[in-house]
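First the structure, in the form of structure tokens, and then the observations on it.
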Ligand SMILES: *[C@@H]1O[C@H](CO)[C@@H](O)[C@H](O)[C@H]1NC(C)=O
Ligand SMILES: *[C@@H]1O[C@H](CO)[C@@H](O)[C@H](O)[C@H]1NC(C)=O
Ligand SMILES: *[C@@H]1O[C@H](CO)[C@@H](O)[C@H](O)[C@H]1NC(C)=O
């Protein structure tokens, strides 16, 4: 709801006070696409996509001055860089020259008529008729992916048949029925059974957060394509009310808090002494649960994804990512994709799985070590938490890493999907960046464990919780809105401190809100205890993995620049969700659950 409110609010136009309508239309068009299919239908057709930097060929150049003046604001596109998808074979007739030189020649001709020079900044691709129309037989990786899919379907079919045939048989071998679709479906829709009703709230929050992430990511992907009217995007980014969304990337780290909280909670709750054996078993369980789905999605992205569709924007949007998925497949398998070549990402959201794995290993180790200190564990963790923040502040200061706020509000960065921004790969997605979140989760886990016997609910504290419960939404929204003010402070010490503190502050507020929510146990809590939340929450892992691919399949084949006004974003987001959840259900049912059940059975 918050997202849709913000999106609606973004409809309010931000006036470009310094630019009147007439001047704006003198600027050369930023994005332009020739007809891709028509161009490549000719035997000697050649289509190229890339960006050019324009400079004036002679002074004074009124239009060029306008372009630079317009681009001064960070929330605007750099108008001296134009993006073009051109049918080179129609615009230029020298067939002996290299495709790239022909493309450059077209741009030079185009620029000359405007008394400017054009320099090729980035060539996305050049495709000829034969590139598109040749049938390519599947290579080894593509065949391997098909075999994996076939094996999964076969296993499911065989196991379901076995389950059905032996449904009244006492001597049925349980291991052979773990891949049964019927049994897994039954397990999926089973009501949530746990002593901790308060933890049930988590499911609802998780589902809503996942849906919001899908919508925001599809908006970002839409913005990374060619836009019909770039001003629409600039308006959204400049609108102070959308700061809550631009500054909401912190929310993802709440999942890490939650995950390390649950690790501590589960480990401490079990009466058995936990040692190295428990640790290994936990690790194995986690890997078994995460690996198959993740690798299947990365495998798909690295092999068949580019073949799903085509269009002038498709190769640029998908081919590069697909190539990286192929190259980095092994690092995804080892959960170190955020450490190996962190500047290259295959499916942006997959960093989370790696960080989650690294943090849960750390959480388990820390919990084991701190078990010796019993009650002293909490103060130790608080000290570690502060230490982690200081470490991040130091690292951010040395390497000039910034918080997302400073680059998510720059239109050009969003358009290039944060390519060449070290802060993203080296800080936002790094294990050290998530260290405070992990320790915060552990601290809460220990706190809950050691204060369980005490009365949390005496009247004074109750009132305090109630007060915080009422205040938490305004505080969280207010904090992210403050970004509007902070983004203009560029002092390096402030930037580093903000990078380190911003997320931790948000996390602490969220944790307090969750505690208040769990203790107050009022009406809004009951809304979250709906059974459906639990079912949908179980699909979170595949949803987070595949929504990026799906959103790009939906919008990436567009033959023309896309309209990206606020009202265009919502349908794309909703369509993405509508396709993502059923597919996620299939992945959970056919891959994740069977794997988990098989290994639960073996490790028992
Ligand atoms: C661009 O901005 C400068 C200073 O801000 C101003 O002097 C100049 O007239 C502007 N040029 C145009 C074409 O608006
Ligand atoms: C626009 O892009 C060009 C080429 O990358 C760069 O040289 C220039 O500084 C940029 N202008 C602004 C205002 O960022
Ligand atoms: C075509 O391109 C080639 C290679 O760049 C060049 O040598 C040749 O002179 C060009 N022909 C014409 C007619 O421009």
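Just so you know, glycine gets a Cβ as well, placed from its N, Cα and C.
Nobody curates TrEMBL annotations by hand; they come from automatic prediction.
Look at TrEMBL and you will find 1-16 tagged as signal peptide.
TrEMBL lists 143-162 (among others) with the feature transmembrane segment.
Per TrEMBL, domain 'Acyltransferase 3' is recorded for 203-584.
Annotation source TrEMBL lists transmembrane segment at 207-228 (among others).
Residues 202, 206, 209, 212-213, 216, 274, 278, 282, 352, 355-356, 359-360, 362-364, 367-368, 404, 408, 428, 434, 437-442, 444-446, 448-449, 480, 502-503, 506-507, 510-511 of the same chain lie 6 or more positions beyond the ends of the transmembrane segment (248-267) yet place their CB under 8 Å from a CB of it. What TrEMBL lists as transmembrane segment is 248-267 (among others).
Annotated transmembrane segment per TrEMBL: 287-305 (among others), in sequence order.
Note on the transmembrane segment (351-371): residues 252, 255-256, 259-260, 263-264, 267-268, 274-275, 279, 282-283, 286-287, 290, 294, 332, 335-339, 345, 377, 380-381, 384, 429-431, 434-435, 437-439, 441-442, 445-446, 544-545 of its chain, located 6 or more positions outside it, place their CB under 8 angstroms from a CB of the stretch. What TrEMBL records for 351-371 (among others) is transmembrane segment.
The transmembrane segment annotation in TrEMBL covers 378-398 (among others). Listed by sequence, the residues of this chain that lie at least six past the ends of the transmembrane segment (378-398) yet keep a Cβ under 8 A from its Cβ atoms are 366, 370, 427, 432-433, 435-436, 439-440, 442-443, 446-447, 450, 492-493, 495-497, 499-501, 504.
For 427-447 (among others), the entry in TrEMBL reads transmembrane segment.
Marked as transmembrane segment by TrEMBL: 467-485 (among others).
Residues or ranges marked as transmembrane segment in TrEMBL: 505-523 (among others).
Positions annotated as transmembrane segment by TrEMBL: 535-557 (among others).
Sequence annotations record features per position, and here TrEMBL assigns transmembrane segment to 569-591 (among others).
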For this session: For the transmembrane segment (535-557) and the transmembrane segment (207-228), decide whether they are in contact, meaning at least 3 CB pairs lie under 8 A, counting pairs 6 or more apart in sequence.
Result: yes
Exercise. For the transmembrane segment (287-305) and the transmembrane segment (569-591), does the number of C-beta pairs under 8 Å, pairs 6 or more apart in sequence, reach 3 or more?
Worked result: yes
Seminar exercise, completed: Checking 143-162, 427-447, 467-485, 569-591 against the transmembrane segment (207-228) for Cβ pairs under 8 Å, the most are found for 569-591
Problem set entry | For the transmembrane segment (569-591), distant same-chain residues with Cβ under 8 A (at least six beyond the ends) | 4, 7, 152-153, 156, 181, 184-185, 188, 211, 214-219, 222, 292-293, 296-297, 536, 538-539, 541-543, 545-547, 550-551, 554-555
